Amino acid sequence: MSYPENVVVLKSNHQLKGLFTIIRNRETKREDFIFYSDRIIRLLIEEGLYCLPFHETTITTPTGCEYQGVTFASKICGVSIVRAGESMEAGLRAVCKHIKIGKILIQRDEETALPKLLYAKLPHDIANRQVLLLDPMLATGGTVTQAVEVLLERGVKEENIVFINLVASPEGIKVFTDKYPRVKVVTGEIDSHLNEKKYIIPGLGDFGNLYFGTED
C-alpha cells in the first residue's frame with residue numbers, strides 16, 4: 001500500500017522486525033518491553049532528525065584543515081503527548097543534548113467522546129523551532145490532530161512539525177495526513193486496521209501501560 005510523501009516508514013529488515021516481534025509479544029516481560037521499545041524509539045528519532053532542514057557550514061578540524069559540513073537550520077524541541085509520549089523523551093535526549101521538551105495532555109471528553117485539551121506547557125519560543133511531536137501509537141488520529149492544533153495556535157508552522165510514532169493504523173494515517181499534508185510523519189510500522197473498538201490490529205495493546213507498568 002502506498003502512502004503520501006509526507007509519511008516515512010522505517011525500512012523493514014530482520015533486525016527491526018525482530019524488535020517489533022518482542023514488544024508485540026504478550027509474553028514479553030516489562031523490562032524487555034522497555035529495553036526493545038527504547039531501541040526502536042532511538043531509530044525513529046534519528047529518522048525524524050533526518051527530516052529536519054539543514055544548512056551548510058564550515059569548521060576547522062584538529063589538523064587545521066577545513067571541513068564542509070552541515071548543521072540544523074534552526075533550533076529544535078520535542079513535545080510529548082502525555083502520558084505515553086513521555087516514554088519517547090529519553091530517546092530524544094540521548095541524541096539531542098540539552099533539548100527542550102514540552103508537554104501536551106489530551107483526554108477524551110466523556111460526554112462528547114472527542115479529544116479535549118487539559119494541559120499544555122511548551123517552550124516560549126516554540127514558534128521559531130522545528131518540533132518533534134512524540135506519541136507511540138496512532139490509532140484514530142484524534143489525539144495527535146488536537147495536539148497539532150495546539151502547536152499551530154502557538155505559532156508553529158505546519159511544515160515545521162515532525163510527528164514520530166512506533167505503530168500506526170492506516171485509518172489514522174489517512175485522517176491525519178488529509179488534515180495536515182505538510183506535517184511529516186515518521187512511523188515504525190503501519191498495521192492492518194482498526195477494529196470495532198478502535199484498537200490497532202494486530203497492535204500491541206496500551207503502550208503507556210506496558211511501558212510504565214500501570215493500568216487504567
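Just so it is clear, glycine is given a Cβ too, placed from its N, Cα and C backbone atoms.
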Among K97, K100, K103 - the residue Swiss-Prot places in the same GTP site as R30, R39, A73, S74, K75, I76, R129: K100
R83, D135, P136, M137, L138, A139, T140, G141, G142, T143, D206 bind 5-phospho-alpha-D-ribose 1-diphosphate per Swiss-Prot; candidate in R93, R108, R154, R182 listed for that same site: R108
The one of A73, I76 whose CB sees the fewest other CB atoms within 10 Å, among these binding-site residues: A73
Site extent for GTP, whole Å (max Cα pair distance, R30, R39, A73, S74, K75, I76, K100, R129): 39
Site extent for 5-phospho-alpha-D-ribose 1-diphosphate (largest Cα pair distance over R83, R108, D135, P136, M137, L138, A139, T140, G141, G142, T143, D206, Å): 17
A73 (GTP binding site) in three-state DSSP notation: coil
10 Å Cα neighbourhood of D206 (uracil binding site): matching binding-site residues from R30, R39, M137, G141, Y199: M137, Y199
